[in-house]
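The block underneath contains the structure these notes are about, expressed in structure tokens.
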């Protein structure tokens, strides 16, 4: 095989990155004429700024050889490496690097900086340009052109004053290129205490149904406002579980000693992990989510808003189920799920800082008030335990049959512009 063949393999990796909404850069590591490592950009989906194509391909190859020294290997990458990747290349002692197109902004093989030319290095890596420069450059140009076009075409996000964790699911893309329609389905935190301005914004949504996943005590203490022509559904997701997030958050923040006693030493995270497993496994939670998904099959129920207290856990899992039915890739599902973290932390920031100043543990507070990828991972592991796959869980456990799933898709999806 030649440089052309190996760069084609790197371009295929770049295409995988593009399909996931990542900057299209791909890389392969070659040893004795055989590809032993592959990688494509994944920093967005993995929430890892180091997850560049070169880094992942190098890790893959090092694992294959059982040695981080890759002195007899060659790296093929579609874009000139950045300084971070150049450091990894030099540290791994790759023999040769071939890149397709240069990077005028961050290129570390001569375009901006060139550590490979430093004579003080113990190891010298030969780096050169290779085939498919035009193809690699065009792929990146097309990606950013599409990104700019999408930003221009994207409607102004719908906001409601005082609700930091409210959002329209419209615009999320599915694996087949369809998109969720705007203005049809909204996820949110609780709506108690909205200002008159916020209520006007809420009425402008023309909602037809609102689903409240909170407990009776939560709903009684902080009831939803009454909106015209809206049918309200109250279903307690956690009614038969031992876990609860129905505690008074303000009281918790005001009692740091009690918080440390009951939630310290990792107990907070364990409580949240158990909560997520319960949302998958408990019969009541299964019935609530099944009822909600059944309701989504009826066009008369739209536009729909659904919420819990903070809009992150019970609402977050409901969103995962819905987006799975709609065919949204896992990386985008995770991205939407993680959006709630900063929003909820921001909402309670003043109270959190007050609690920390009084001796509260910030790690406990973030475990309770935020979301973490491992919470969702625990739920998905429970899905696997219950049914093997998400598809089987939806159809065999929640009893949402293929025809119902297609109906939800028909209502909520449209072809991308």
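Glycine is no exception: its Cβ is also placed from the backbone N, Cα and C atoms.
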Residue among 47, 52 sharing the Zn(2+) site, where TrEMBL lists 82, 85 as binders: 52
Per-residue Cβ crowding (10 Å cut-off), top of binding-site residues 82, 85: 85
Residue 52 (Zn(2+) binding site) CB neighbourhood, other CB atoms within 10 A: 27
Assigned element (helix, strand, coil) containing residue 85 (Zn(2+) binding site), judged by DSSP: helix
